[in-house]
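S.K.: Quick paste of what Swiss-Prot says about this protein:
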- 11-31: transmembrane segment (TRANSMEM)
- 42-62: transmembrane segment (TRANSMEM)
- 88-108: transmembrane segment (TRANSMEM)
- 112-132: transmembrane segment (TRANSMEM)
- 152-172: transmembrane segment (TRANSMEM)
- 180-200: transmembrane segment (TRANSMEM)
- 211-231: transmembrane segment (TRANSMEM)
- 237-257: transmembrane segment (TRANSMEM)
- 265-285: transmembrane segment (TRANSMEM)
- 293-313: transmembrane segment (TRANSMEM)
- 346-366: transmembrane segment (TRANSMEM)
Amino acid sequence: MTDISNRPRTWWENGTVSASLLAVAVLAGSLASDKWVPNSQLTLPLLISTSVAALVAAAGIPRLKALKMGQVIRVEGPQAHQSKAGTPTMGGLLVVPVGTIVGGLISLEGTEAQQLLAVSAITLGYMVIGGFDDWRSLTRQTNTGLTPRGKLLLQSLMGVLFLAVAAWQGWISSSVSLPFGWTLPLGWLIWPLGLFVFLAESNATNLTDGLDGLASGCGALVFLGMAVQLMLRGHTGDPALAGFCMTMAGAWLGFLMHNRHPARAFMGDTGSLAMGAALSGVALLSDSLWPLLVMGGVFLAESLSVIIQVWVFKTTKGPDGQGRRVFRMAPLHHHFELGGTSERTVVPCFWLATAGFVLLGLLLRPTI
């Protein structure tokens with residue numbers, strides 16, 4: 001591996017600079033939407049949520065330290081990450097409620113209010129699952145909390161509950177809207193697909209949360225993209241769910257002020273699972289599965305890298321127990337790290353990739 005420790009840093013490798021540029025980009029996107037898209041009011045929820053989340057995180061992180069909520073770093077991970085041991089985790093507990101509470105206040109009556117309540121509930125539910133997982137990791141002083149099967153079961157139960165309420169209310173379309181006026185009719189298959197989306201997206205965002213500011217920055221951009229495409233759809237857009245997306249984007253921007261390199265706190269499973277659940281809930285209620293798939297391209301790549309790595313290793317494993325590896329290490333961000341690219345470079349590059357996927361998702365958004 002290339003030695004990068006003594007190499008001079010470029011300006012984009014400064015965590016404060018790169019995080020500030022990301023925040024400016026998200027703000028510019030919301031301002032542009034408010035100026036040119038009818039009925040768009042994305043900036044105010046963004047600013048309120050960002051400010052409150054940043055303040056709550058600033059007040060809460062010292063408390064996490066006092067409670068000894070220090071992250072346990074996995075031994076088999078990159079050696080450079082061992083210096084992160086002891087950094088407070090469970091940061092999602094500080095900012096996810098901010099996004100859901102501010103988002104829930106956008107509409108207080110009618111179907112919009114009910115949908116906001118449902119999305120907030122599934123987001124907080126996954127936050128609790130992630131929190132339980134983080135807590136078990138901390139109390140056991142290992143990098144693993146819940147068993148994979150146990151975590152999957154809890155995620156599935158929460159997803160089924162959300163889908164049952166949505167089915168009862170008739171909120172979810174049985175077809176998936178695609179670009180160019182195409183639709184994919186699924187009928188009853190939309191329900192197993194919906195559960196798969198919750199499981200896949202929440203675990204993809206969880207896998208992405210491996211470098212300082214990576215998941216929080218990517219999440220803020222994807223929430224912005226989802227909000228803008230919601231306002232561009234139909235005649236009046238979907239101001240309520242779009243506003244919720246912006247409060248979640250703001251929550252992660254506020255957290256990024258403390259999660260940028262060098263991170264003062266990690267979101268933990270508490271935050272990453274909640275992020276994926278919020279995106280999934282919004283996508284299912286607004287028939288935005290296609291935009292989420294495209295805009296979350298980095299999340300998808302991180303998840304696929306793990307699936308490919310495990311599959312190839314198992315299928316090529318010999319008598320000595322060793323198999324081939326496609327990547328130096330999975331998820332994908334570790335592959336670049338072990339190739340000699342610094343964490344400070346990988347993160348803004350993944351942010352730029354996410355911004356590109358968001359723009360592509362806006363260009364290829366469904367028209368209905």
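Along the chain as shown, the residues are counted starting at 1.
Heads up, the Cβ atoms here are built off N, Cα and C, so glycines get one too.
Fair warning: this is a prediction, and the values are worked out from it, not measured in the lab.
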S.K.: Are the transmembrane segment (293-313) and the transmembrane segment (211-231) close, by which I mean at least 3 Cβ pairs under 8 Å that are 6+ residues apart in sequence?
M.R.: yes
S.K.: Sequence gap of 6 or more, Cβ distance under 8 Å, 3 or more pairs: do the transmembrane segment (112-132) and the transmembrane segment (346-366) meet that?
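M.R.: Counting Cβ pairs under 8 Å (6 or more apart in sequence), the transmembrane segment (112-132) does not reach the transmembrane segment (346-366), since there are fewer than 3.
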S.K.: Might you confirm whether the transmembrane segment (265-285) is in contact with the transmembrane segment (11-31), defined here as three or more C-beta pairs under 8 A between residues 6 or more apart in sequence?
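M.R.: Between the transmembrane segment (11-31) and the transmembrane segment (265-285), contact is absent.
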S.K.: Would you say the transmembrane segment (42-62) and the transmembrane segment (180-200) are in contact under the rule of three or more C-beta pairs closer than 8 Å, pairs 6 or more apart in sequence?
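M.R.: No; fewer than 3 Cβ pairs under 8 Å.
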S.K.: So what's near the transmembrane segment (88-108) in sequence-distant terms, Cβ-Cβ under 8 Å and 6+ beyond its ends?
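M.R.: Same-chain residues near the transmembrane segment (88-108) but 6 or more away: 45, 48-49, 52-53, 56-57, 60-61, 64-65, 69-71, 116-117, 119-120, 123-124, 127, 130-131, 134-135, 138, 239-240, 243-244, 246-248, 250-252, 254-255, 258-259, 264-272, 274-275, 278.
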S.K.: Do any residues, 6 or more residues outside the transmembrane segment (346-366), come within under 8 Å Cβ-to-Cβ of it, and if so which ones?
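M.R.: Counting only partners 6 or more residues beyond its ends, the transmembrane segment (346-366) has Cβ contacts under 8 Å with 12-13, 18, 22, 25, 177-179, 211-214, 217-218, 221-222, 224-225, 228-229, 232-233, 261, 287-288, 290-292, 294-298, 333, 336-337.
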